[in-house]
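So that you can see what the record holds, here are the features copied from TrEMBL:
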- Glu369: active site, proton donor (ACT_SITE)
- His400: active site (ACT_SITE)
- Lys533: active site (ACT_SITE)
Amino acid sequence: MHPPAYTPAMTQPPPTARHAAFARLKALADRPDGRRITPLFAADPGRAARFTAQLDDLSLDLSKTAIDEAALDALFALAEAADLDGFRRRLFAGDAINQTERRAVMHMALRAPADAGLRAMTAHGAEDAAAFAAAERDRMRRLVDSVHAGDARGATGQRFTDVLAIGIGGSDLGPRVATEALTIGRRDQTLNAHFLSNVDGNAFLEATRGLDPARTLVVVASKTFTTQETSMNAAAARAWIVTALGETAVAAHFAAASTNRTAVAAFGIEPSRVFAFQDWVGGRYSLWSPVGLVIPLAVGWKKFQSMLDGAWAMDCHFRDAPLRQNLPVLLGLAGIWHTNALGCASHCILAYDERLRRLPAHLQQVEMESNGKHVMLSGEPVGWDTCPALFGEPGTNAQHSFMQLVHQGSRVVPVDFILAADPGPDRPEAHRPEAHRALAANAFAQAEALMRGRPEAEIRAEMAARGASLADIDAIAPHRVAAGERPSTTILFRALDPFSLGRLIALYEHKVAVQGCLWGIDSFDQWGVELGKQLAGGILPELTPAAERQGLSAGPRREHDSSTTALIDRFLSLRGET
Ligand SMILES: O=P(O)(O)OC[C@H]1O[C@](O)(CO)[C@@H](O)[C@@H]1O
């Protein structure tokens, strides 16, 4: 991929001031009590309120971190050194913020009203991104409505009951987390959604298990429409439809979302069923675009629109709120504190909500593909750590797997707790209120336990009170000690509905942009994943018998290291194909 040559010269504040700001953060963490949290509460009864920011019903509590006023000032000094304010302006002005791909970053236009006036720089000059997105959204809506109304039907005249969404990475994770969040525990979905991402015959079998091709609409989502996994899965789905219903059924059963109309046309999808978006939408930010078509198909247009509205509310807040009251900025700064002042190398996302069970997977891509970078925009190596490794599971499940390490492991892992106060006001009968209270109790208890820990004296006293011998106390007490002072942030809102879901995901998207700006990196490219793709393309012909190699670019056989060569030979020998 060669970026077009239309971008302005790269501009970035010189790193000197940033170096000083990072050094200041480290120095603050190295103060005698610089990493402790409990003394901050002891010293300031108003700490919780002072370190909680709010947008309507959504609150972000940063008080259970070691960030004090001095640390906050140092973090904002870093933001100033990195010109966060200017970055935010350039982002919303549609400048080519994604400098290495010479692209604007304008996924906000996908959720903005048509007349929001959001423009994006393109190879052909600035375009009205919000108007473009709205026009495509209207086309999507027409298809969704006609499927739901039974006007658009399968080739045999039957109504669609299922949608199979094919895509990978950003063309899968975002749509999947949103669809799951809005359908888990409900019985009112308009179509049953199924997802196929991995290039694995088992995944295909699993995704199509029990599906009737005559009643299945297939949506292929791929920004580039060249991704190997998606191409192979789309071809398999096409064969599945054609075998059952004949070649002519493809027009009725397929729709696509892509920026590459030519490749989609070559695949043979009816042009009226192809929905476009522009290169100013990054893959991991594309669930709001036609890539997310499966979402309204599954939950209805009204909910999809409400999700967009929630994200747009967060966009406006991020764009307009002063930095010190700005939720994505504060969440981003907390992460900077943990990564660059405390040296934490990982970060845990715990949503106490089964419906958000795929959120960590989506955020892994949003955060790690965006900010897993080692050079600044100038190409110079960064002089500080960038994105931590993210992981997570729904609470309370996580408590019974990896939380042991978070409480007592040798490294500090900051946690984001995410919780809705109300399990779902639109249908209280579906929720056992006592179960939701138990979820909440666990979320609050975990955060408190991480911070308070358990001192040895308390454990010894408790064991003694229960009649344990001194030898037992000596042997066991050290193992039960939890040092505490482990940081967490808590995101709490009224209810997980489409609006709050959109707002939540957009909060993290902008957090990532904030951090990328402070680290001085390009958060919107992903060159690192290219090499593996190229090498896989080269190895595939080597694993394929000559008779089946048609269509695979044979190319000259590459020299591998001896390990890779031996593994390829062994793979073929185990299959009896040498
Ligand atoms: O939507 P596409 O073009 O099929 O790409 C899928 C995914 O692959 C990646 O390029 C990474 O390999 C992601 O950035 C993207 O979300």
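Quick reminder: no glycine exception, Cβ is built from N, Cα and C everywhere.
Cβ crowding, taken as the number of other Cβ atoms within 10 Å, peaks at Lys533 among the active-site residues His400, Lys533. Geometry remark: Lys533 (active site) versus the residue listed as 'active site, proton donor', CA distance 15 Å. Counted within 10 Å of its Cβ, the other Cβ atoms near Glu369 (active site, proton donor) come to 22, all protein chains included. Distance noted between the C-alpha atoms of Glu369 (active site, proton donor) and His400 (active site) is 28 Å.
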